[in-house]
Amino acid sequence: MRAQNVVSAAGTSALMLAASAAAEQAVFHPTSLTAPFVEQFNENIADSRWTISRATKQTPVGDEIFSYVGQWEVEEPEVYPGIQGDRGLVLKTKAAHHAISTLFPEPIDPKGKPLVVQYEVKLQKGLECGGAYIKLLTEGEGGEGFRAGEDYTDKTPFTIMFGPDKCGSTNKVHFIFRHKNPITGEWEEKHLKNPPAPKITKTTALYTLIVNPDQTFEILINDESVKTGSLLEDFTPAVNPPKEIDDPEDFKPESWVDEAEIDDLEATKPADWDEDAPLMVTDTSATKPDDWLEDEPEYIPDPEAEKPEEWDDEEDGDWVPPMVPNPKCEEAAGCGPWVQPKIKNPDYKGKWTIPKIPNPAYKGVWAPAKISNPAYFEDLHPSDFTKIAGIGIELWTMTEDILFDNIFIGHDASQAKKFADETFHVKKPIEKEAEGSLEDEDLDHPNTLVDKIRLKVYEFIHLAGIDATSAVKQMPEVAAGLAAAAFTAIGMLLALFGLIGSAPTKVKQTTTVKKTPTTKAVAPVAPAGEEEKKALDEAGVPVPNPEVTNPEVRKRTTRSTKD
């Protein structure tokens, strides 16, 4: 075998090993993207900016008092884990009230700008009855902001509520925003009409809300658009009230006649009206058809039926074959005794009732007079929401282990998309493969094996060009793969040129795994299979020669070279 072929195969093996390691061992790295608020839950709750509520709440029905006793933890998912070391905020208690919140460094003012709300939800045990939505909390009118972390309840004012909710007949993605009437000063919740259904799966779901300054909005689930519309047209009650309303002091006069018809009191039943006449009578004019087979039965025993072998006459009685339609009757007009058919009675009139006539006193349908709406206003820019002070998650649920992760609040939808590419789209195929539901369309995303080969290796080379030590520390799995492949190539070259024994030296491949407090060790990656080879071919990378990868062929090649 030529030396350059060995080197080419070794390079290919390095790419395959590095790509396989990257694909199987996705390790969490905090994002470098910036936005008004980004949360990846890199700290335990006690050390973080989040505050668990210690308040109580009163139910709207029955006036019962409940405490927020539900537990929260920051931990990695237990069901279908995706990115190693990627932790999230987990609701831990079943059948309990939970509340937790955090403040933004500075209040977010959506006025005149797009608003993008995006986060991940992982329903590790499904969702029997409960919510998984978040609330963007309203900044205080005096500028003091939201400052009641331990006192956070369901009564704390919010600007937007967004996310999935399922219980009984409820199964929707909420989009609710609070709007202030500038005339009365009253706040009112505006609920989205015909909201989309959520994704109730044990794999991670990505929920995105985009509100534009032109009053349009879009909801995406797993980066796919599921609902679009207008803040001015698709919410109830409507943002802008009607210009006119019914006069509350106008009442229908007692003399108002709104019956359009009345009984004709002068009408009498005709003398020839027979209420007892039957609806149907015998057709006396009918005669029997000439081809009517009166002596043939309509049904006959099935001539092809046979008594079952297990039939016992003593226990089961005499066997009788099933009946089937007589084939002779199908060719004739009919079989059996002929009788004259029934027809509708031409003299039938039914029960006589008094006829109706137009009411001469009818005045029409009464309606109250219209007056100008004293509470009327016109807000053409409801997307100029009240300033947002922070985020709250306040839920009651019958299902525990709901995980929230990778929250993004900002003004740039493209930044939110990049954030999803770093997080959701990396873990999605890993989780689906673990679940056994990986589909063809999942392989079409940029984060496929082919792209991992290109991106991971190119990223390592780029980092190594700047600082080799830093590259090894940041991407140890790629460095280990390349090193193992290099040792393999050296050993093969020495064997081919006879510099070591008659048998080629076998180099043990190892995969170095960087362990951290939140990182689990991963087993060494198996050699690439047919799918990886196909992916390498699609990526433009040479596929290893079987003479290099097969030990038996290598032995034969080594002997022939020596001879």
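Quick reminder: no glycine exception, Cβ is built from N, Cα and C everywhere.
What TrEMBL lists as signal peptide is 1-23. Annotation source TrEMBL lists disulfide bond at Cys129-Cys167. Taken from TrEMBL, the feature region 'Disordered' covers 234-253, 282-317, 518-563. Residues or ranges marked as compositional bias 'Acidic residues' by TrEMBL: 292-317. Annotation comment: TrEMBL describes 478-500 as transmembrane segment. Positions annotated as compositional bias 'Low complexity' by TrEMBL: 518-528. According to TrEMBL, the compositional bias 'Basic and acidic residues' annotation covers 552-563.
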Write out the long-range same-chain contacts of Cys167 (disulfide bond), meaning residues 6 or more apart in sequence whose Cβ is under 8 Å from its Cβ. Glu128, Cys129, Gly130, Gly131, Met398
Ten-angstrom check, please: count other Cβ atoms within 10 Å of the Cβ of Cys129 (disulfide bond), all chains counted. 14
Across the region 'Disordered' (282-317), DSSP labelling yields 4 helix, 5 strand, 27 coil
For the region 'Disordered' (234-253), the DSSP helix/strand/coil residue counts are 0 helix, 5 strand, 15 coil
